[in-house]
Amino acid sequence: MIAVINYGAGNLPNVVRALQRVGATLTVTDNPEVIRSAQAVVLPGVGATADTMASLRHLGIAEVLPAVIAASTPFLGICVGMQVLLSESEEFGLHSCLDIIPGTVRRLPEHAGKIPQIGWNQLQISPTFRNHPLFADIPDGADVYFVHSYYCAVADEAIIAARTDYGIPFPSVIIRDHLAAVQFHPEKSGDYGLRLLANFVRWSEAVQPKGV
């Protein structure tokens, strides 16, 4: 059972429908104990990191997620669900995040063009991750859909599985052990987005979490 975290994110229904379309067995929950015992966890998100962190803390989810990820529970963060994994965010002032992935959430550079980036852009998959299960049947250069003004400046470049250019080459996918996170919206990314979600479902089914 995949736990899809419900903390009020606007893209939650679309993420749920996309996961159901690829055959996922899931529950939508804001219960920390359900999240703790899940076979896999998906954290969707749109909006500001500070607001998201406030909701996660209020629900008691912020305290559970580090332990869930440390237990090797397969995890997928989407958009802001990726950004809150970092140490801190510069969005609307400096705010602390979950500090699971060392790094800072920073604004896209003004010379990139229109901010936020809204629309299709390419994944440049790192050769190191080319054969990772998450990228099965997804070619290098695949177009996926972005809506964001901030990006994840991660401290460890070895976890950057794919980059995308928008003024700068920013991490669009990170993978560390059984944690994956994407800056784009797979639920809006057509066939390639559905493939990534299907790949995550298969990947999560093959992993046995250690238990929290």
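All residue numbers here begin at 1 and follow the chain in the order shown.
Glycine is no exception: its Cβ is also placed from the backbone N, Cα and C atoms.
Per Swiss-Prot, the feature domain 'Glutamine amidotransferase type-1' maps to 1-210. If you look up Swiss-Prot, you'll see Cys79 marked as active site, nucleophile, on the strength of sequence analysis. What Swiss-Prot lists as active site is His185, Glu187, and the listing cites sequence analysis.
Recorded features from Swiss-Prot, shown on the structure.
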residue	record	Cβ neighbours (10 Å)
Cys79	active site, nucleophile	28
His185	active site	22
Glu187	active site	23
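Across the fold, the C-alpha of His185 (active site) and the C-alpha of the residue listed as 'active site, nucleophile' stand 6 Å from each other. In the three-state DSSP classification, the residue listed as 'active site, nucleophile' falls within coil. The separation of Cys79 (active site, nucleophile) from Glu187 (active site), Cα to Cα, is 11 Å.
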